[in-house]
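Working notes, structure below.
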Amino acid sequence: MTTTGTGTGGRHFLQIPGPTNVPDRVLRAMDMPTIDHRGPEFAALGREVLEAVKAPFGTSNPVVVYPASGTGAWEAALCNTLSPGDRVLCFETGHFATLWQDMARRLGLEVEFVPGDWRHGVPPEAVQERLAADPGHEVKAVMVVHNETSTGVTSRVGEIRAAIDAAQHPALYLVDTISSLGSIDYRHDEWRVDVTIAGSQKGLMLPPGISFNAVSDKALEASRTARLPRSYWDWEPILAANANGFWPYTPATNILYGLREALRMLAEEGLPDVYARHQRHAEATRAAVRGWGLEVLALDEREYSGSLTAILLSDEHDADEVRRVILEHYDMSLGAGLGRLARKVFRIGHLGHFNDLMLAGTLAGVQMGLVRSGVKVDPAGIQAALEVLGQ
Ligand SMILES: Cc1ncc(COP(=O)(O)O)c(C=O)c1O
């Protein structure tokens, strides 16, 4: 069955960095009659998923679940914790960091946006330096995108926490894990993150439609005095209803069935093994890219993403044209270059419900598409990847 209408037979390869492939187990789990979201059967489901969802965040604190895409959870994190005119510190790591700071501005926050080259993550030393220069504690929050989906660069959230501590600064720490949760090691409690933002459609292997705020005690405390207007996003009535397994409004019932199943799958594999699998696939992908003679966009090996790889083409090639050829001939969707990287890079998503042979097929399709598009590549690329997978 193809889903894109190219008529080539076989399954479509959805290798964008989210939404990701939804496992059959999750699809079957969602194939249920929608039930009364104020009835006892729903309460049992609600209580179970609200407890189980804490594991991938690495938290024992509450996780708020919204029927919204990740952008909604971004807004929720800001409007529950901050007040008009509050200063926030952000870093230009790529397209999503740029969009999030733009939202902060539009909500009435004072944004300090540190420029970046879209090839590096947030530098912990710059966080420390900036906060150390703020003895009056004007900065109320540091906003970090853990895994920049536009660049394939992962910021070092634990080291940034250490930098905030070294500056002895009380700023809230807000982290977007939309393309890392359930794929890349993450520890909300250990790293004392105050709000962790996530979405359903990537490492959690679900369709788009729900998103999350994991909240620290400090964030809950801040929400009591925060004055940005909020209604739908307000944690308080949601947490009150959640105590009995309910929501104050209609939850995304069938996606919650899917969430229950996806969390079971992650627990069965074991989160450390899930993270190791993603790292192996990322390493194999980079081996292919280098073997082809092409360039990985991420420049610092400490920041290579486990969930996606962005590949930079030379000026004479249009990455969107390569993607078009691959979709037309091999029925595979790859991620486009976003913002200032448009047409310069394409992105391979290797996250979520994914295994060695799916990666081998993906890389074979990319290699064939590059050749067909006239990009000079060394066919040894695929062999280099297979060697990593064979280890
Ligand atoms: C890192 C990151 N943040 C935020 C978003 C926005 O999430 P959504 O499109 O679910 O609203 C995305 C979407 O891809 C993302 O990758």
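Quick reminder: no glycine exception, Cβ is built from N, Cα and C everywhere.
Annotations in TrEMBL come from automatic prediction, not curation.
The following features are taken from TrEMBL:
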type	residues	note
DOMAIN	14-318	domain 'Aminotransferase class V'
MOD_RES	K202	N6-(pyridoxal phosphate)lysine
BINDING	R347	substrate binding site
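Of the recorded positions K202, R347, K202 has the largest number of other Cβ atoms within 10 Å of its own Cβ. With respect to their backbone Cα atoms, K202 (N6-(pyridoxal phosphate)lysine) and R347 (substrate binding site) stand 14 Å from each other.
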